[in-house]
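A.B. asks: Positions annotated as transmembrane segment by Swiss-Prot: 14-34, 45-65, 82-102, 116-136, 174-194, 214-234, 289-309, 317-337, 344-364, 388-408, 422-442, 470-490 (among others).
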Amino acid sequence: MNPVSYSELLRLTLPQIALTVAAFFVLACDGMLLRRSPIAVRARIAMLLSVAGSLVALALLPLTAPVQLLDGMLVLDARTGVVQVVLLLFTLAVTLLSGSVLAQQGREVSAFTTHIGEFFALLLFATVAALFLVSTQNLLLIFLAVEFLSLVLYILTAFNKHSRASAEAALKYFLFGGMSAGFLLFGISLLYGVSGSLDLQQIALAASQPDSLLLVAIVLVILGFGFKIAAAPFHLWAPDAYQGAPSLSAGFIASSSKVASFFVFAQVLFIGVASASGNAAWHLSAPGWMPILAAVAVLSMLLGNLAALAQTSLRRLLAYSAIGHAGYLLLGLIAHTPQSLAALLYYVFTYALAVLGAFGVLAILETNGIDSLSSLAGLSRRSPALSACLLVFLLSLAGIPPLVGFFAKFWLFAAALQAAPAFGLLWLVILAILMSVVALFYYLRVLRQVYVVPMAEDATPLSSPTLARITLLVMAALTLLLGCAPNLLMRWLR
């Protein structure tokens, strides 16, 4: 192991330290100074402290030349820096939305939680885990970060103590998560047995030699990460978790967690076991992780999009939609080129932006008693601003130009087509396009309720927190801006 520069290590981990200090400060302030204060006051102060911690972490991000410490335990480069910036921005958005919604509910917040400080501290702890997860190439630290992040997400899912659905969803999430952790740890132990190292670079050297044990290890790792990204058939936790968790907890799971999980999954496959990729092309099929991922992608696209057609709950619709999007994202891994990795990251960033915005709108709607498709009738007349935001987010998820979701799909599908000779992945791209058409149908079904179906005669205008409304409008504007200038983000990922 190379000598450790502790000053350099401290400098590179300052964002995580800032978030950790902010989390403990939020807990101490809420628990000791504000426990008897009105819930609205506690929510606003916890939100401000969390926002301050996130902004300090953003300012301390080490955007420097590529650096590697502790033999791959801490690896930072330009691409990792972009991922960390995105994760912190999503944390900021969730914090602003949560604080404003909780503050508006005031004493009625018991419908969600009275543990204000704990909620915001957990968001910050989850972000710390995600930042460590995307900045390491050591399998042991990857496993520890994944499981710490998962543990926080289990708690966030169960945070509504007054909801049996929340507790049931968290239990299912925990049980499936524990099983997936076992698969992932077993796979990591086999990779260590094959290579004698936990560093992805060293594993890559050992993986260049054919070994049946290596293929077993790869299958187990795919099983473990398949759960984290909610890909079929490892998706069974997702619909219940998305439906039972508090709206903004579900939004955080669907956005930040998915960004971090896909990035580290790509790192493991592209760096550690790239030589065992095989081939998923229709005319050049060869054993490896590519054909396995191709089967998972097909199942995810079919099951996710077809099941979403039958949903009447907005949350479950977004959950099955997430499964379908996981199938599209796997195309970026199957293509296995630098262009496909950039397209995958672009897609997962823009998907996370849109789905977090959709859950933000849903959080406000649920405070007004709207939680199903039928109750959306006439929403455009009751709240034009929220309806416009929902329109932008859903059409971006559907991939409609000129929104950013269209360019994300275009670049991802184009990278998949160019990856294999003779358009070997054309069959997967055609299926993805067909399933995108199916997805458009159920997104338009939601928008039909919002804009076409008349509202009930006794319906009243919706109340929505000003800060939450501004946050959602900024996110919708960003979705439009990135669609009008798609290279604005892509140039940082190439």
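Using the three backbone atoms N, Cα and C, a Cβ is placed for every residue, glycine included.
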A.B. asks: Report, as numbers and ranges, which residues of the same chain sit near the transmembrane segment (214-234): CB under 8 Å and 6 or more residues beyond its ends.
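C.D. replies: Residues 146, 150, 176-177, 179-181, 183-188, 190-191, 194, 206-207, 257-258, 261-262, 264-265, 268, 273, 276, 287-289, 292-293, 296-297, 299-300, 302-304, 319, 322-323, 326-327, 329-330.
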A.B. asks: Thinking of Cβ pairs under 8 Å, which stretch from 45-65, 82-102, 174-194, 388-408 has the most of them with the transmembrane segment (422-442)?
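C.D. replies: It is 388-408 that shares the most Cβ pairs under 8 Å with the transmembrane segment (422-442).
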A.B. asks: Report, as numbers and ranges, which residues of the same chain sit near the transmembrane segment (82-102): CB under 8 Å and 6 or more residues beyond its ends.
C.D. replies: 15, 39-40, 43-44, 46-48, 50-51, 54-55, 57-58, 61, 109, 112-113, 116, 119-120, 123-124, 127, 130-131, 134-135, 248, 251-252, 255-256, 259-260, 263, 345, 349, 352-353, 356, 360, 363-364, 367, 465-468, 471-472, 475, 492-493
A.B. asks: Should anything in the same chain at least six residues away from the transmembrane segment (14-34) have a Cβ under 8 Å from its Cβ atoms, list it; otherwise answer none.
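C.D. replies: Answer is 41-42, 45-46, 49-50, 52-54, 56-58, 60-62, 84, 88, 116-118, 120-122, 124-125, 127-128, 131-132.
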A.B. asks: Using a Cβ cut-off under 8 Å, which residues of the same chain at least 6 positions beyond either end of the transmembrane segment (116-136) come close to it?
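C.D. replies: Residues 12, 15-16, 19-20, 22-24, 26-27, 29-31, 34, 39, 42-43, 46-47, 49-50, 53-54, 57, 72-76, 80, 83-84, 87-88, 91, 94-95, 98-99, 102, 109, 142, 145-146, 148-149, 152-153, 155-156, 159, 252, 256-257, 259-261, 263-264 contact the transmembrane segment (116-136) from elsewhere in the chain.
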